[in-house]
Amino acid sequence: MDVVDSLLVNGSNITPPCELGLENETLFCLDQPRPSKEWQPAVQILLYSLIFLLSVLGNTLVITVLIRNKRMRTVTNIFLLSLAVSDLMLCLFCMPFNLIPNLLKDFIFGSAVCKTTTYFMGTSVSVSTFNLVAISLERYGAICKPLQSRVWQTKSHALKVIAATWCLSFTIMTPYPIYSNLVPFTKNNNQTANMCRFLLPNDVMQQSWHTFLLLILFLIPGIVMMVAYGLISLELYQGIKFEASQKKSAKERKPSTTSSGKYEDSDGCYLQKTRPPRKLELRQLSTGSSSRANRIRSNSSAANLMAKKRVIRMLIVIVVLFFLCWMPIFSANAWRAYDTASAERRLSGTPISFILLLSYTSSCVNPIIYCFMNKRFRLGFMATFPCCPNPGPPGARGEVGEEEEGGTTGASLSRFSYSHMSASVPPQ
């Protein structure tokens with residue numbers, strides 16, 4: 001079986017007989033065929049089923065919430081909707097057509113399905129990757145260049161970018177339906193079976209294609225995401241440093257705001273004069289109000305710091321998971337393109353199956369990272385499905401759809417958020 005082919009892997013979990021040879025593609029037996037352990041198919045079925053169900057459920061919920069909730073149709077959420085569609089497409093067109101032929105040792109779905117699945121598989125991976133890049137650039141503009149980015153951070157612009165992403169992906173992946181075909185082979189029990197293979201006319205084209213995919217779907221997107229999220233983290237870290245210095249300065253100014261240790265003004269700008277006793281209650285009331293305002297400012301600052309630290313941690317998780325999910329499969333693709341014999345010998349069977357499973361995991365974790373970790377989305381989910389318990393009272397701060405420009409996590413994180421002090425409590 002070779003349904004996932006060169007985009008997710010140009011290698012087969014089925015080992016053809018030694019005598020079978022094709023022009024421009026070498027198929028061979030392993031030197032020492034590895035016996036299939038009885039527990040491996042069961043583990044494969046269990047893991048594939050788990051990832052499949054989580055991916056379908058998660059992405060379907062994301063699509064449902066974002067479509068049914070008009071107030072959540074923000075710029076960022078439009079990109080998240082496109083990401084959910086592409087991830088759902090990746091799950092539906094890849095996992096069943098990889099697992100079933102792998103278990104049966106035969107691609108039973110026919111030539112038309114072979115061409116269709118490889119095409120939609122390639123398109124879904126491409127769209128998903130481009131969406132992740134678009135989200136990172138959109139967040140960079142919102143946080144690091146808020147004034148300049150307001151010109152192009154509109155829903156209409158987001159829709160144009162998404163349309164261009166899908167059209168570009170469908171165009172790039174046109175070689176798949178053209179060069180994907182069924183390749184017959186004889187199994188060890190002398191029965192004839194088929195593999196779905198993506199075979200370009202010659203080795204140079206095959207290697208060039210793998211290198212091209214490695215660049216546009218892994219290396220370049222990975223670098224762009226690292227740079228964008230790195231700059232965002234630096235911006236937020238500077239905000240954390242600024243707020244820490246403001247807090248330290250406020251503490252240092254506090255002792256100088258007293259007069260003979262009797263009276264203290266809340267803003268520390270002047271010394272309060274002694275007044276007649278009849279106004280003592282008014283001064284005490286003013287001091288109490290100032291204390292409450294100070295507590296609000298302190299809580300606001302602490303909440304801001306915690307929110308920014310959470311964002312930085314989430315951005316690190318995004319980059320790590322992207323490389324963790326996709327590096328093994330793209331490395332295997334490149335290895336097989338330039339050293340087919342060695343790659344087949346070491347990766348055939350269970351190793352490549354679990355490498356593929358790791359790449360499919362991205363379609364399951366993306367909804368969790370980008371949506372379910374966002375309080376606005378969780379509130380939108382509760383509003384879309386009223387049968388679920390509401391996490392807070394009606395009309396509470398942070399209503400559905402009120403997404404701030406700072407990021408998908410709910411923190412107010414614009415470039416100049418640390419250039420002035422505010423007594424308002426930040427959104428969560």
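Glycine too: its Cβ is placed from the backbone N, Cα and C atoms.
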### Cross-link partner of Cys114 (disulfide, per Swiss-Prot) out of Cys18, Cys29, Cys196, Cys269
Cys196
### Task
Could you tell me whether Swiss-Prot assigns Met72 and Lys145 to the same side of the membrane?
yes
### Query
According to Swiss-Prot, N-linked glycosylation site sits on which of Asn190, Asn299?
Asn190
### Which candidate, of Asn13, Asn24, Swiss-Prot gives the annotation N-linked glycosylation site
Asn24
### Three-state secondary structure, which DSSP defines for Cys196 (disulfide bond)
strand
### Query
Under the DSSP assignment, what numbers of helix, strand and coil residues are found in the topological domain 'Cytoplasmic' (68-77)?
7 helix, 0 strand, 3 coil
#### Entry: Lowest local Cβ density among Cys114, Cys196, Cys387, which the record lists as recorded positions, within 10 Å
Cys387
### Query
Under 8 Å Cβ-Cβ from Asn190 (N-linked glycosylation site), six or more apart in the same chain: what's there?
none
### Message
Give me the CA-CA distance between Cys114 (disulfide bond) and Cys387 (S-palmitoyl cysteine), in Å, as a whole number.
### Response
42
